[in-house]
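S.K.: According to TrEMBL, the protein carries these features:
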- His164: active site, proton acceptor (ACT_SITE)
- Asp122, Gly172, Tyr332: substrate binding site (BINDING)
- Asp199, His201, Asp293: divalent metal cation binding site (BINDING)
- 38-346: domain 'Histone deacetylase' (DOMAIN)
Amino acid sequence: MDTEGHSLPSASCGDGRKRRVCYYYDPGVANVDYGANHNMVPRRVAMAHALVEKYGLLADMERLRVRPATEAELRAFHDDAYVRLLRDITPDAYHDGDLRDRARACGVGVPETDETDASAYDNPVIDGLWDYCLRYAGGSLAAARALADGSSDIAINWSGGMHHACRGKASGFCYVNDIVLAIQELLEHFERVLYVDIDVHHGDGVEEHFKRESRVMTVSFHLYDIDRDVKPFFPGTGKVEDVGEGDGKYYTLNVPMKAGMDDERYQQLFRPIMDEVMEKFVPDAVVLQCGADSLYGDRLGEFRLSVKGHAGCVSYLRSFNVPLLLLGGGGYTVNHVASCWCYETAVAVGKEKEISDEIPFHGYEHYYRDQGYKLHFTVPKKNGNKKDDLIDKIKQDALMNLAMLKPPPTTVGEHRPSKRHAINVKAHYDQNQDKEAKKYRWCRREDDDPMERLHRLCGEADRYDFFTELGKRK
């Protein structure tokens with residue numbers, strides 16, 4: 001890996017390249033269906049995992065044991081009444097008038113326009129909703145605990161990153177805010193936690209919860225455009241003037257941007273701003289929400305980032321060698337999302353230069369036809385002068401807010417975090433990921449994606465003969 005940022009060596013590895021990385025994947029998340037016309041497709045996590053597996057990256061990571069969150073763990077942030085609603089609501093139960101009214105008051109099952117159009121519901125009442133919430137939240141909690149016990153330098157949960165969910169309300173396709181839960185877990189073991197959000201949408205739910213907190217700093221790079229003929233770009237929050245409140249004043253940093261941000265302009269902002277944040281706040285752990293809707297060609301986003309441009313943010317924060325939690329988030333062109341999160345997994349383990357740009361056969365290869373079966377899709381060049389006065393203003397506004405940041409807080413008394421107490425390290429990891437599984441690049445118990453199983457059974461060489469024979473039998 002080229003030297004990025006500080007490129008500090010880790011305690012476990014004597015150079016700036018290697019890291020101890022753990023990885024969470026729950027195949028149950030991928031089977032959730034928001035609806036035929038909905039923009040959110042959880043299957044994208046399975047697509048990313050299939051690429052990670054096929055590129056052999058699982059051999060470079062420890063697999064975390066699949067463990068859904070508990071109801072009590074959700075209540076660490078969410079209101080009791082809201083948690084009970086998520087537990088009890090089903091498509092059939094939604095027809096009950098009282099339950100429907102409760103759900104709509106909590107942002108669940110609220111139509112944006114036409115009630116007959118399933119895609120009009122941002123947060124639909126779907127089959128398996130409760131199980132889905134427990135599964136992706138459990139992944140982020142498991143990843144946070146793996147960092148807290150010191151057994152990993154980087155922890156990954158691509159099914160997490162649901163940054164819009166509020167204490168008692170669903171929002172923006174997000175029902176449970178796994179990020180808040182993970183940060184709260186980290187605060188039990190680290191004094192200061194930095195949250196960075198590179199989703200095209202503002203990380204409003206996380207910011208709202210921590211805006212009065214000096215032990216958590218939130219930084220959001222997002223599209224902000226309220227001057228539209230139609231409704232503002234969702235969620236319509238995240239002004240540069242929003243800097244937190246009370247004890248948390250200036251521990252909230254917003255970097256609002258306009259549509260069309262490309263790699264060069266984005267990094268002109270990201271690197272100097274984050275360099276200053278790391279120096280001023282001195283975090284003990286970093287949570288990076290890697291929403292992939294900031295990529296070029298996203299169905300909802302309006303940025304122009306490439307996979308490498310997006311992953312540059314991961315690489316830069318990785319270089320500081322502070323415990324790093326990588327989460328998913330938005331992303332609605334599923335092939336771009338899978339390409340991005342696979343490549344960022346390679347960045348995490350230090351092998352991004354060793355994986356081929358050619359998409360391997362892995363069960364989902366047909367999704368990549370429009371990008372030429374390449375991991376890195378093409379971003380058309382944009383005409384115009386790279387010098388942009390607006391970029392300078394955005395950067396200066398952010399740096400002025402950072403100049404107001406107080407010295408790093410020191411916790412005292414009852415607020416001092418525990419020192420990695422009562423953590424059973426072995427309980428976090430999948431003990432079935434034995435040496436044989438690593439040798440063959442797959443983990444037998446956890447991988448349950450039907451396309452992956454099909455390829456393991458058939459093999460690449462005879463997959464076409466397999467389908468031909470199957471057709472004859474039918």
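Heads up, the Cβ atoms here are built off N, Cα and C, so glycines get one too.
Remember, TrEMBL labels are computer predictions, not curated facts.
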S.K.: When a 10 Å sphere is centred on the Cβ of His164 (active site, proton acceptor), how many other Cβ atoms does it contain?
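M.R.: If we count other Cβ atoms within 10 Å of His164 (active site, proton acceptor), we arrive at 28.
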S.K.: Taking 8 Å from the centroid of the Cβ atoms of Asp199, His201, Asp293 as the cut-off, which other residues in that chain fall inside it around the divalent metal cation site?
M.R.: Val200, His222, Leu223, Gly291, Ser294, Leu300, Gly301, Gly329, Gly330, Gly331
S.K.: List the other residues in this chain whose Cβ sits within 8 Å of the Cβ centroid of the substrate site residues Asp122, Gly172, Tyr332, in sequence order.
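M.R.: Everything else in range on the chain: Asn39, Met40, His164, Phe173, Cys174, Phe234, Leu300, Gly330.
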S.K.: Determine, using Cα-Cα distances only, which of these recorded positions is closest to Asp122 (substrate binding site): His164, Asp199, His201, Asp293.
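M.R.: So, spelling it out, the nearest of the recorded positions is His164.
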S.K.: Which whole-number value in Å describes the distance between the Cα atoms of Asp199 (divalent metal cation binding site) and His164 (active site, proton acceptor)?
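M.R.: Here the two Cα atoms lie 11 Å apart.
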S.K.: Please give the greatest C-alpha separation between any two of the substrate-binding residues Asp122, Gly172, Tyr332, in angstrom, as a whole number.
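M.R.: Overall maximum Cα spacing for these binding residues reaches 13 Å.
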S.K.: For a quick check of packing: other C-beta atoms within 10 Å of the C-beta of Asp293 (divalent metal cation binding site), how many?
M.R.: 24
